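Chemist: Encoded as structure tokens, here's the structure I'll be asking about.
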């Protein structure tokens, strides 16, 4: 008989075998802070225009080469529970603003690093949390005073492109002016009078070959497909969209046909042909000259489409079908019935084109008032185009933020240094032990210009002391000059290096909330992970759509 070994008394006695339990400052708080610091240190070197790229290979063995913090974190699949909180804060920033995810990580990491110093010299966790919350509230009071300008006209391409440059610069340094112009053209062309801008209305089509400066904007949609039939170009297109295969009706039951004479054999397929002819003729009779289908195209149906001079395009993706319906104003029909006028879409031209060596079908609106705009990106490698696409997403999201709030604050560390200066002064006036936490909160803002300086290869301490001396003289808009070879500063407003007010507001709020949440944890209780076989890797799931 096996000997029963009693469990050690205490918390472990209540839990199943294999459960872990950590408590207290040393085991829980400092461990959590260490994990968050490591995470912030990872993405800190990727901050700003001179940030380094990370090469991430995810569990599906897909390669990512990027300095976009949101992508890095999404593919890393962080497991540590405290670090996950910081990751969730950065995801919230991405959902709310679409940019500034790395700011949240770097700032939250700095807050926790400085909180550890305070805890080690004897402050209690509650005093640190209280000080951080007071300082965060003060930062939000000061932030509106730091607004240096506002966007005047969001329908002016030149003005919009100058405002988008900063967000694109951090991802594609050197190409930001060209990309900002492309994104501005795409956004302005579909910006509705109501002011409700939808980021999903800007599509990206990536075509391998050439270089980034061969990219272009098109009002309408571009698909990497070839037309099915002989017709390759249609002007003033009337489009019928079908979500079903372009084929004759097939009965669900299997049948056996008994043929007695040669004449019956001759007439057997003729009836099917006549039926298909009548169906395609009826569709052509409504005025439709382009058919888009979401399924297979039968050879006989293709023959009659060519006979009635109808252009035929096949889209496997149901998402592409939906977007096309939105672009041309069509309704997707579930059966091969002739569409009524209200169900047909309209487009100025549909044509087959060749970009590089890739065949594309273009649905184009001549007037700049279409529902969807497409940016056609060119690049030498897939990884490069993926990274450019992420820069485009940031630019489009920045435009969306500007439609909500047109205020802008100076970039390049200028806003952070001014906040640090003013919050430090405020901390001096506060009684009680919270003042130490308030001053450390102000010091945490230095992490942003410090990261920019270190990534640019200049001495961070020299730059920060220069910034403080200039800001003490009242120059609120002066930030780090990342293009200078020596530590230098310049006016961010004159250089058009501007950040959105909303982006900064939410980043400070979310980073502080995440840091405070991590500090509030004094016990970690982890159950034993569930066993069981792992799902097979590399194989598709049984219910995934199979593309024909």
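Cβ atoms here come from the backbone N, Cα and C positions, even for glycine.
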Chemist: Out of 18, 255, 271, 412, which does Swiss-Prot tie to the same ATP site as 100, 101, 102, 170, 171, 499, 504?
Modeler: 412
Chemist: Quick one: which of 364, 400, 406 has N6-acetyllysine in Swiss-Prot?
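Modeler: Per Swiss-Prot, the residue annotated as N6-acetyllysine is 400.
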Chemist: Check the candidates 23, 210, 380, 425 against Swiss-Prot and report the one noted as phosphoserine.
Modeler: 23
Chemist: From the Cα of residue 269 (phosphoserine) across to the Cα of residue 162 (phosphoserine), what is the distance in angstrom?
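Modeler: Rounded to the nearest whole number, the Cα-Cα distance is 64 Å.
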Chemist: With the ATP site defined by the record as 100, 101, 102, 170, 171, 412, 499, 504, how many Å span the farthest pair of C-alpha atoms?
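Modeler: Farthest Cα pair among residues binding ATP: 18 Å.
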Chemist: Rank the modified residues 23, 269 by the number of other Cβ atoms within 10 Å of each Cβ and report the first-ranked residue.
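Modeler: Comparing the modified residues 23, 269, the most crowded Cβ belongs to 23.
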Chemist: Which one of these recorded sites, 224, 260, has the sparsest Cβ neighbourhood, judged by other Cβ atoms within 10 angstroms?
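Modeler: It is 260 that, of the recorded sites 224, 260, has the fewest other Cβ atoms within 10 Å.
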Chemist: Work through the recorded positions one by one (171, 254, 459) and point out the residue whose CB has the fewest other CB atoms within 10 angstroms.
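Modeler: Counting other Cβ atoms within 10 Å of each of the recorded positions 171, 254, 459, the minimum falls on 254.
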Chemist: Which of the three DSSP states, helix, strand or coil, fits residue 499 (ATP binding site)?
Modeler: strand
Chemist: Got a sec? Which of these modified residues, 30, 505, has the most Cβ atoms within 10 Å?
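Modeler: Selected residue: 505.
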Chemist: May I ask for the distance between residue 459 (SUMO1 cross-link) and residue 499 (ATP binding site), taken between their Cα atoms and rounded to an integer number of Å?
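Modeler: If we compare the Cα positions of residue 459 (SUMO1 cross-link) and residue 499 (ATP binding site), the gap is 24 Å.
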